[in-house]
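Colleague: For 77-95, 107-124, 130-148, 160-183, 195-217, the entry in TrEMBL reads transmembrane segment.
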Amino acid sequence: MRLFLPALVFLVMAISQARFKEVVCYSSIALLALAITAGPWVITVALQAPDYWNYFFWVEHVQRFIAKESARSQPTWFYIPIVILGVLPWLGFLFGALKSAFSLKKGTLYFLLWFALFFAFFSASKGKLLTYMLPCFVPLSILIAHYIEELKDRPDEKISKVNASINIAFGLMGISAVIYSLYSAKFALYDTNETLKIVLAISGFLFWSVIGAGRCLDKHSF
């Protein structure tokens, strides 16, 4: 996967830009370098542990991807809320950033493909782990940062207020969840002797809401 997915992004990007000669040239060099550096190690492992590569590729990758009864099986939409929560506190800029990237600008197309292909691939997989989404947050953070820079040239106070309101709401919901857990046995987040953790949790969510409120009241935010 560490080789396949990045290579897939490069290939789709090159095809979309009609840069076929560069694909053939640079991919040949990359494959040759891979064979020289990894080849001896691959052969050594195969000689010492003949079943390793079969287990590594078939069991750990192919079966995990297609097995319906996987212990880590999750629905296709599993990663959508993960991405939404993962981009906080910039969630208000997410959809604008993706929409802007869809204009197929050269500077953002690569990062859009990076996110879209990784997200689609892991969403299609039967076995899912939260950590599989980590590579998606790199291009997302770049796309959001690029979009925020664009907003400086064409200020949009509404988007900034929406993002601030989301952060206020999230902070208040976090505070409510912590307080509710103190009086609910079924929803207990902390033990009765974990006062410091409770205070830190409430303080963190309160700070989150205050920052959001400050941005919401700031007349000079975008």
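Residue positions begin at 1 at the first shown residue.
Just so you know, glycine gets a Cβ as well, placed from its N, Cα and C.
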Colleague: Looking at the stretches 107-124, 130-148, 195-217, which one shares the most CB pairs under 8 Å with the transmembrane segment (160-183)?
Modeller: 195-217
Colleague: Which residues, given as numbers and ranges, are at least 6 beyond the ends of the transmembrane segment (107-124) yet have a Cβ under 8 Å from it?
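Modeller: Residues packing against the transmembrane segment (107-124) from afar: 5, 8-9, 12-13, 16-17, 65, 76-79, 83, 98, 100-101, 132-133, 135-136, 138-140, 142-143, 146.
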